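J.: Here's a structure for you.
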Amino acid sequence: RICPRILMECKADSDCLAQCICQESGFCG
């Protein structure tokens, strides 16, 4: 999957860019 390495806070996968997923840490990855 393609995930830009940009630190983004999230509550759901939809908060993240591209194919990033929301990790347990509360950040996209």
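A Cβ is built for glycine as well, from the same backbone N, Cα and C atoms used for every other residue.
Sharing the feature lines straight out of Swiss-Prot:
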DISULFID  CYS3-CYS20  disulfide bond
DISULFID  CYS10-CYS22  disulfide bond
DISULFID  CYS16-CYS28  disulfide bond
J.: Hey, what's the Cβ neighbour count for CYS10 (disulfide bond) at 10 Å?
T.: 18
J.: Which residues does CYS20 (disulfide bond) neighbour through Cβ under 8 Å, counting only same-chain ones at least six apart?
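T.: Listed in sequence order, they are ARG1, CYS3, PRO4, MET8, ASP13, CYS28, GLY29.
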J.: Which residue among the disulfide-bonded residues CYS3, CYS16, CYS22, CYS28 has the fewest other Cβ atoms within 10 Å of its Cβ, if you could check?
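T.: Among the disulfide-bonded residues CYS3, CYS16, CYS22, CYS28, the lowest count of other Cβ atoms within 10 Å belongs to CYS3.
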J.: Can you tell me how far the Cα of CYS10 (disulfide bond) sits from the Cα of CYS16 (disulfide bond), in Å?
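T.: The separation of the Cα atoms works out to 7 Å.
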J.: Please report the three-state DSSP label of CYS22 (disulfide bond).
T.: strand
J.: With H, G and I counted as helix, E and B as strand and the rest as coil, say where DSSP puts CYS28 (disulfide bond).
T.: strand
